[in-house]
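Feature list (source: Swiss-Prot):
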type	residues	note
BINDING	23, 24, 25, 26, 38, 39, 62, 63, 65, 66, 122, 123, 170, 171	(2R)-3-phosphoglycerate binding site
BINDING	214, 219, 238, 338, 340, 343	CDP binding site
BINDING	214, 238, 343	ADP binding site
BINDING	215, 216, 220, 239, 313, 344	AMP binding site
BINDING	215, 218, 219, 375	Mg(2+) binding site
BINDING	215, 220, 239, 313, 344, 375, 376	ATP binding site
MOD_RES	48	N6-succinyllysine
MOD_RES	75	N6-acetyllysine
MOD_RES	86	N6-acetyllysine
MOD_RES	97	N6-(2-hydroxyisobutyryl)lysine
MOD_RES	131	N6-acetyllysine
MOD_RES	131	N6-malonyllysine
MOD_RES	146	N6-acetyllysine
MOD_RES	191	N6-succinyllysine
MOD_RES	196	phosphotyrosine
MOD_RES	203	phosphoserine
MOD_RES	267	N6-acetyllysine
MOD_RES	291	N6-acetyllysine
């Protein structure tokens, strides 16, 4: 799925117009301080383009966290983002305490030329996602008439619509698909992300290696299935490797992650790999722990020895890392989605860190390396490798759905050209 037939910001006339722009400012916070501003920085080129080309105003809307339709300004306000944005843009940002309604509409109706406005969290209204919880935590659904009113109010805030929220492109939420304006364009971040993935999936450099980690096989079935039609090699690591090893090698896995649902299709996936000539690399040794805890006792195990009862594998061992390094060394293009160990804890981070080092090395020799958002992007931030790989996606779920071969609703909703 590419943007080739969709309107993009560089082709949009913004002069004298009010631009309403969906961005992804869902940034990690600690005590109301932003801990990683990657997503805010990523939206700056689109915002600057509008201002440099004479837009009357740029009204920015985003979600933050999961307030589930309940206003929680103490916990999930976008106000700290306004200050961060001001320093990145070098100009004032007007923060509004809501995202819809008469007061917001008035503030956005006729602002001074070149005004930047940031709306409060879209998800303080249940109409953004269409469902949520009430103040007591009971599940609620938004009424269709109220969803229509919410979307109509958002549509009054601009003359043209730009969507630069790649991280939310896989969600059919009101701000993504429900703004009703004659021109709806993809922003520069959206364009960059889709171009990278389109090229990677439609005309890859070969050998093409996918590195797939993470916990559950069932969550990654479609991903593995779709990628088996595209790649030459695949590393299957992380927690989901144990399901494969138990089914294929009858390995004793102790209390390691095991996915009953996923286990049923392991053999089908392996026979598809064989049919397509895809070389699969699984881990052969492990760093184990006596409980799921940062300070657990640690041990070592191999596929042959098995993992003793009551113990679990939380990282791959050095032999596995060597095998992974060989696969990376053969590749001319790599897509990596999911860590191969519990990288958040020092004792179980070595496998993912050594793999990251190899991917950085591969990049420096000209291999195209794409990091598919989410936890793997967090690894790049943690080890400072964001500018040492070809592309770090800003969207975990969105990049996953692209790699699964799905159409993204947020892209689908843009104007055709």
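Quick reminder: no glycine exception, Cβ is built from N, Cα and C everywhere.
Overlay of Swiss-Prot annotations on the structure.
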| residue | record | Cβ neighbours (10 Å) |
| --- | --- | --- |
| 25 | (2R)-3-phosphoglycerate binding site | 25 |
| 62 | (2R)-3-phosphoglycerate binding site | 28 |
| 75 | N6-acetyllysine | 12 |
| 196 | phosphotyrosine | 18 |
| 215 | AMP binding site | 18 |
| 216 | AMP binding site | 16 |
| 220 | AMP binding site | 25 |
| 313 | AMP binding site | 30 |
| 338 | CDP binding site | 25 |
| 340 | CDP binding site | 32 |
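Separating the Cα atoms of residue 62 ((2R)-3-phosphoglycerate binding site) and residue 220 (AMP binding site) is a whole-number distance of 28 Å.
Among the binding-site residues 23, 238, 338, 340, 376, the ones whose Cα sits within 10 Å of the Cα of residue 215 (AMP binding site) are 238, 338, 340. Its Cβ placed at the centre, residue 65 ((2R)-3-phosphoglycerate binding site) has 16 other Cβ atoms within 10 Å. Spacing of residue 219 (CDP binding site) relative to residue 239 (AMP binding site) is 12 Å (Cα to Cα, whole number). The separation of residue 375 (Mg(2+) binding site) from residue 344 (AMP binding site), Cα to Cα, is 10 Å. The Cβ centroid of 214, 238, 343 marks the ADP site; residues of that chain outside this set whose Cβ lies within 8 Å of it are 213, 215, 237, 239, 338, 339, 340, 341, 342, 352, 375, 376, given in sequence order. When the neighbouring Cβ atoms lying within 10 Å are counted for each of the binding-site residues (214, 238, 239), the highest count belongs to 238. Cβ neighbour count within 10 Å across all protein chains ranks 122 highest among the binding-site residues 122, 218.
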